Amino acid sequence: MELLDSPAPLRPLHDNPRLPKADGAQKRLSVERIYQKKTQLEHILLRPDTYIGSVETVTQQMWVFDEDVGLNCRDVTFVPGLYKIFDEILVNAADNKQRDKSMSCIKVTIDPENNTISVWNNGKGIPVVEHKVEKVYVPALIFGQLLTSSNYDDDEKKVTGGRNGYGAKLCNIFSTKFTVETACREYKKLFKQTWTDNMGKAGEMTLKHFDGEDYTCVTFQPDLSKFKMTILDKDIVALMSRRAYDIAGSTKDVKVFLNGKRLPVKGFRSYVDLYLKDKVDETGNALKVIHEEVNSRWEVCLTLSEKGFQQVSFVNSIATTKGGRHVDYVADQIVTKLIDVVKKKNKNGVGVKPFQVKNHMWIFVNSLIENPTFDSQTKENMTLQAKSFGSTCKLSEKFIKGAVGCGIVESILNWVKFKAQTQLNKKCSAVKHTKIKGVPKLDDANDAGSKNSIDCTLILTEGDSAKTLAVSGLGVVGRDKYGVFPLRGKMLNVREASHKQIMENAEINNIIKIVGLQYKKNYEDRESLKSLRYGKIMIMTDQDQDGSHIKGLLINFIHHNWPSLLRHNFLEEFITPIIKVSKNKEEIPFYSIPEFEEWKSSTQNYNSWKIKYYKGLGTSTSKEAKEYFADMARHRIGFKYSGPEDDAAITLAFSKKKVEERKEWLTNFMEDRRQRNVHGLPEDYLYGKDTNYLTYNDFINKELVLFSNSDNERSIPSLVDGLKPGQRKVLFTCFKRNDKREVKGAQLAGSVAEMSSYHHGEASLMMTIINLAQNFVGSNNLNLLQPIGQFGTRLHGGKDSASPRYIFTMLSPLARLLFPPVDDNVLRFLYDDNQRVEPEWYMPIIPMVLINGAEGIGTGWSCKIPNFDIRETVNNIRCLLDGKEPLPMLPSYKNFKGTIDELGPNQYVISGEVSILDSTTIEITELPVRTWTQTYKEQVLEPMLNGTEKTPPLITDYKEYHTDTTVKFVVKMSEEKLAEAEAVGLHKVFKLQTNLTCNSMVLFDHVGFLKKYESPQDILKEFFELRLRYYGLRKEWLIGMLGAESAKLNNQARFILEKIDGKIVIENKPKKELIQVLIQRGYESDPVKAWKELQNKEEEEGDESGEESAAATGPDFNYLLNMPLWYLTKEKKDELCKQRDNKDKELEDLKHKSPSDLWKEDLAAFVEELDAVEAKQMQDEMAGITGKPLKVKGGKQGGKQKVTKAQLAEVMPSPHGIRVVPRVTAEMKAEAEKRIKKKIKSEKNESDEKQEGNSSGDKEPSSLKQRLAQKRKAEQGTKRQTTLPFKPIKKMKRNPWSDSESDSESDDFEVPSKRERVVRQAAAKIKPMVNSDSDADLTSSDEDSEYQENSEGNTDSDTTSKKKPPKAKAVPKEKKGKAPKEKPLPDAVPVRVQNVAAESASQDPAAPPVSVPRAQAVPKKPAAAKKGSTAKDNQPSIMDILTKKKAAPKAPRRAQREESPPSEATAAVAKKPGPPRGRKATKRLTSSSDSDSDFGSRPSKSVAAKKSKRDDDDSYSIDLTADSPAAAAPRTRPGRLKKPVQYLESSDEDDMF
């Protein structure tokens, strides 16, 4: 019983019939049913979807081939499993092409009536031979037994479609009858066998002898019942037919027959055409196909898709209908290139992402891939990673160019516009609301959005303060019809703004919301205007140029989006007075400066009126606001549309495409203004008393043009002094303050704003001050202010400067030598708010625009000028003074140790320094100019160390040894990588070369006209002509002033002598009688005072009351009668007579000097001080390193010095490094030529060309070792060469320049010595300055006559001097006599000439000398070599260079030192007594400046005294003995040395306005 009860699964059922069915028995049976084992054949039939896909019918869109239509995409109902088994047989046939290239034909026959399909192919058949292991013939094995294949060897790289060993067997299994016939010539047998019943029964195999061509034919009858079908319907036949076409297109050189007809497909390209017939793009043109057969394994076609991303692709003849990684691999390459093009063309539109670009592509890919993998047996999606493809598909430039032009880009751009419009429309409300929320600071009109909204006006104000003014005025006109909204600063230029900017711009969105505007709505009639919340916009801005710009931007905003609104006079402006004059209770407002000037010239006693300037709307009071709104007719000016010329004017002002037209517009304006000045005509102005409306054309051409011009004036410097207005204001203030002590940057900024009437933010002013004082490499070559504190370094390009609250500055000792105080008297000073401010331009003794360079972007023009060497420039001026042509100049940056080579006209390549230490280490010791250390580290070395997604790591490590002034990276890399990098060019690989293009040398000339210069020589020549003329004016002024002082001393001496002799008795006599006596005896009224009054009559008339003026015109003998009694003593009498004689002699000496002599004296004094300053800088830099050991408690000096030497070695270049010479190749020069041509074409761009990326290196095959050997030979061979080399070989000093001063001073000035071009003669430059009708000329001609009159002692000519005030008066009273002794001058000039000659004779690049000493050329040459050797000669060791630096220059420097003390003495602070003082006495113009109260002061009076005298701006006495006060100050503060600084990089503050 136990046995009967126990579960016995093997017991027959009839053996225990009486056994009751219990729950346990049910469970037993379910276990058997649940857990079953099937054979593989059963499994395939039971679960077909695992192997062949679904056996249920599906309906989806597919490409099919219909007899009547051809290839088309339509909804198809088919069974994927049936489609797949057919496809397996077809792909097997195509695979045979990869095994046998001679295969040429495939025949596909589909017989729906008989439910029979056959695929026949020629080419090598299946081996008809018995398999020795399986003991069965191979065809029977691979077609009739599962898990058999020839594709299982993954070590064998195959490009066939078969992969898993299922394909043909699956077709056999799902067929009622499956026949294989194959003929094998090799085995001379024909094999044939048939399987039936889903491969359940194998028929008898037949073998026959065969001697023909190989072939294989598979014929099968699908088991339609397994697919729930009864016949092969139209859809499945159409799908199979398309696969036949696929094979014809994807298999090369194979004819495909379908049902006996050959398919008309001759390759992949013609196959693609089947898809595109009758397809057109958006414009109705046939789609353009770009085709490329990349290599034997890849063929790609591309065209435009109008319904998302489409792809037709094949992997080894398999149709990958879902794509895969092979499609992504190709598509991503195309997308990357297209997206760059789209971004360029769509800078301002909606951001475009890669998938959005892809959505416009239709791509066709035919590929052969080794051992491909798929995500399923259905093989619709290829999953193999690209790195395993076994081949690459790099699309050519030609293909990419075609892709850009085939319509895809245009389609994307159209889509972008559509999307942008859609997004913008979401910002607008289509319904008019009476109340709106979420707009802060809006004071809405009560009727806005109501039925009366068309009568409402929205007042847009410039800032909150202006809103307050408008709200005050609303008290008069009421709030029902007027709303107010303040704008924050300037509006966006929507014409050129990006879509993102417009979408995110709160100002624009708020205005649209407040007014109720809708994008793309056409406001053609009055009805459409009623849909708006406001019927008008009134613009209320300051009456300055920035206010005009805001008005223009608002007009542009409306015109760009809703041009029809302008025709409805939708816009108005509210004007307020710029100036009000009042007298008693009468008040006159003026709405423009020219109108005020007209009134002034026509009103005799205008001085008696109170004049008030209104700088902005904030100046007006609430009471005045109410007055403005009460007289709405006068203050409300409507904009009136006058026709197409208005549209053209607005577009001209704001469109990016109108750059050239804008240049012409501004040029015409400048010329018109100049002509008006020349002819004394008033400026044109808009707002007269009767002005009620304004056309847009008038607004643009008469008001907005003033802003555009002022934008240029603020952004582009003057040729004369190289300064922008903000910088000039800083300099003016520093000259006027004449600080003896350093001053905080923030305090100086406040002082500038006060003294020079600066109207912009002080933050930008502080940046200007910082920029003027910076002296790191790549900034200024000559900083006009001293950087006392952290003003920025080359580590961050100056961005690491400390807050202006913490840093100090003061004038550089060189500033007043560059801008001599005596020249201030002949400059034309400007007036702002009736306050005398800075001059139109200063007049330096050298062109500062070349020394410190310039950079700025204005309206229509941009400016970019590199820095040039100070001494080269000085020598060129001396050449011009001697009647010679200036030598060509290369850009030069102070303390830059790299090289600058010329590639073409105004095209240069700047190279850093790199040397090789050993086979795995290089050392970078200089970066290209304006490549900042930190930026280089982050953007170049870090990616090289860590690698990026696209590039593997190149270096293994780097170490940093920089200081704030030097660069040193020691970089480690593998030997192989270093060899590769060296072959390409280390400068190229490590991005140590940048291009400098100077095709935008645009400057304001001396008459305020923008002019483009072709070369630095052109700038130099124009400056030279003007400066020489101003030396003539200076001489005339000095002759007049000295004549007056001489007359005064003569009168004083005669008066004393006559008093002593008793000829004049003054005791106990009335003053009137004394004056009468003096007049009778021929004494003049105070000559100095009279001369000054003559010079300043116009200014005095403006500043003083009528009564004071009258008093000043009477005779003044106080200069005689106020002399102290002790002047009657013998000593004082003799001293006075001596002063008189000295003054006469000084005057005579001056008369004998030519303007050229005066200039040469100034240059000599400047160069002497420059030497002293640079020597001091060098000394400070070396302090603590090579100089005195630092004091440490308990430390020994010796030990300390060792430490400092170690420190020095650490930051200095390694002595063992082999310098790598920068390559300047023909390829780089060709690139430069291309850039020039491109520049000519693209001159329409507003912004100037920026420094371009790294240049490519040459393709020299030689290794470093070979190249160095060749280089050494070449250098030795060319050492004496006297002809100009044609290929830049290495780093050297400036070529024609052998400057004595630079020698003594050091390695700072390294300039490539070889010039590849012959001296360029500047095309005869226009010299408008000589006979120009500018204001300056008119002024100077007046001065000439005046000087002559004064020199003769005439004092009656006050009335003739109307035009003199601005120029005649000098801020400082004392003229700085800076002429050095006669001795140094001859020294300097001839030696320079000799040096130029000497060096031009040996202009060979290999010549070591950097420059030639002032005294003896021969001994100095070796010293100079210190620099050159590093750069050029046989790669000497750094140690040699260092010893040369230390030893060789020492002696010459000492010799120089003996001459230089006088220059130090001239620095007014007289800290060092002794020898320096001797120099002072020999200054060229010695005279003590006499004032009314101190006529007997001695010539030798201390500098401090003289300086204090200059502090008084109204004191006009001139002490020609005194050294420049500015020069003096530095002597007290010797610590700060100047380095090249330029305000270019961070651009002057003016650019920020």
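Using the three backbone atoms N, Cα and C, a Cβ is placed for every residue, glycine included.
Note that this is a predicted model, so its numbers are computed, not measured.
Annotated by Swiss-Prot as region 'Disordered', the relevant range among 1-25, 301-325, 726-750, 901-925 is 1-25. As annotated in Swiss-Prot, region 'Interaction with DNA' covers the listed stretch 991-1000 rather than the other ranges in 191-200, 441-450, 951-960, 991-1000. Taking the C-alpha positions, the distance from Trp932 (site 'Interaction with DNA') to Asn493 (site 'Interaction with DNA') comes to 33 Å.
The DSSP secondary structure for Ile857 (site 'Important for DNA bending') is strand.
DSSP classifies Ser764 (site 'Interaction with DNA') as helix under the three-state reduction. Long-range Cβ contacts of Tyr758 (site 'Interaction with DNA') within its own chain (separation 6+, distance under 8 Å): Gly726, Lys729, Val752, Leu765. Annotated pair Asp542 (Mg(2+) 2 binding site) and Lys724 (site 'Interaction with DNA'), C-alpha to C-alpha distance, rounded: 24 Å.
Each of the binding-site residues Asp542, Asp544 was scored by how many other Cβ atoms lie within 10 Å of its Cβ, and the smallest score goes to Asp544. Most Cβ neighbours within 10 Å, among the recorded sites Lys490, Arg662, Lys663, Lys724: Lys724 holds that distinction in the structure as shown. Residue environment of Asn493 (site 'Interaction with DNA') contains 18 other Cβ atoms, counted within 10 Å of its Cβ in all protein chains. One residue stands out among the recorded sites Ile857, Trp932 for having the most other Cβ atoms within 10 Å of its Cβ: Trp932. A sphere of 10 angstroms centred on the C-beta of Ser764 (site 'Interaction with DNA') encloses 17 other C-beta atoms. DSSP assigns Asn493 (site 'Interaction with DNA') to coil in the three-state reduction, placing it in neither a helix nor a strand. In this structure, the CA atom of Lys724 (site 'Interaction with DNA') is 12 Å away from the CA atom of Ile857 (site 'Important for DNA bending').
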